[in-house]
Amino acid sequence: MNTHKQEDIQLVIITGMSGAGKTVAIQSFEDLGYFCVDNLPPSLLPKFLELMKESNSKMSKVALVMDLRGREFFDSLIAALDEMSDLGWITPRILFLDANDKVLVSRYKETRRSHPLATTGLPLEGIAMERDLLEELKGRAQMIFDTSDLKPKQLREKIVAHFATSQGQVFTVNVMSFGFKYGLPIDADLVFDVRFLPNPYYIESMRPQTGNDEEVRSYVMKWSETQKFTEKLIDLLSFMLPSYKREGKSQLVIAIGCTGGQHRSVTLANYLSEYFKNDYYTHVTHRDIEKRSRK
């Protein structure tokens with residue numbers, strides 16, 4: 001039996017220019033708890049909507065990437081959107097990602113990929129064709145994001161700001177690793193010093209690695225000191241985070257520091273971000289991971 005109400009279902013269709021950031025966008029929606037499908041053929045959209053309708057609360061938030069593959073694909077998508085309007089029980093929001101031609105060409109050169117519509121291999125040819133095909137769809141979009149001057153992180157933050165707000169999930173937990181030798185992070189709300197934990201730096205095989213590597217992670221986490229510390233830290237943060245959110249704070253920066261910001265702090269920052277991601281929107285940054293002492 002269907003228990004969905006129209007206002008309970010959120011369907012976002014992500015489309016736009018090739019190279020404008022649809023991959024980053026769909027990953028951002030996944031982090032927001034959306035059920036995501038990449039490159040769903042428009043001909044399957046009506047059946048997919050029925051599945052949504054019958055799934056009760058299991059598919060109440062869905063994001064679909066609809067890429068352009070040619071005129072036939074585009075015509076099918078427009079027809080599917082018209083059919084959705086006739087259904088009456090769902091109103092999708094269309095997010096159109098765009099960027100200027102110069103930026104799109106630059107991105108194609110960086111990735112060494114060819115534009116899907118460019119028959120001669122020249123990106124500008126495909127870009128011009130795509131703009132023409134997408135003109136009507138862009139006109140239907142409720143939101144148009146110009147990503148020309150946005151880095152992937154900034155696009156992610158923009159999507160979160162727009163779509164998390166409507167869900168009441170505006171509280172963001174930013175977890176940052178850093179090295180004390182490079183100074184304290186000036187934007188940190190909470191700072192935890194993990195220099196008391198056993199240091200993988202002194203094991204030659206792990207020195208060039210970081211806390212993103214499994215060998216280092218396992219080494220750091222195997223010690224009883226680490227396990228007791230993480231247990232107490234999670235208990236403390238589980239108490240504090242709801243209070244910060246209740247007070248109206250939009251984001252919290254938790255900084256985890258070790259000596260150089262390579263091993264222990266990276267491991268613990270990843271651990272915290274992973275632990276709290278089901279309750280909050282979390283984002284992890286490793287401030288000093290690219291810095292290496294030169295001797």
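Glycine is no exception: its Cβ is also placed from the backbone N, Cα and C atoms.
According to Swiss-Prot:
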- Gly16, Met17, Ser18, Gly19, Ala20, Gly21, Lys22, Thr23: ATP binding site (BINDING)
- Asp67, Leu68, Arg69, Gly70: GTP binding site (BINDING)
**Alpha-carbon distance [Gly16 (ATP binding site); Asp67 (GTP binding site)] in Å** = 7
**Fill in**
Gly16 (ATP binding site) falls, by DSSP collapsed to helix, strand or coil, into strand
**Request:** Could you tell me which of these binding-site residues, Ser18, Thr23, has the fewest other Cβ atoms within 10 Å of its Cβ?
**Result:** Thr23
**Prompt:** Where does Asp67 (GTP binding site) sit in DSSP terms: helix, strand, or coil?
**Reply:** coil
**Prompt:** Here are some binding-site residues: Gly16, Gly19, Gly21. Which one has the most Cβ atoms within 10 Å of its Cβ?
**Reply:** Gly16
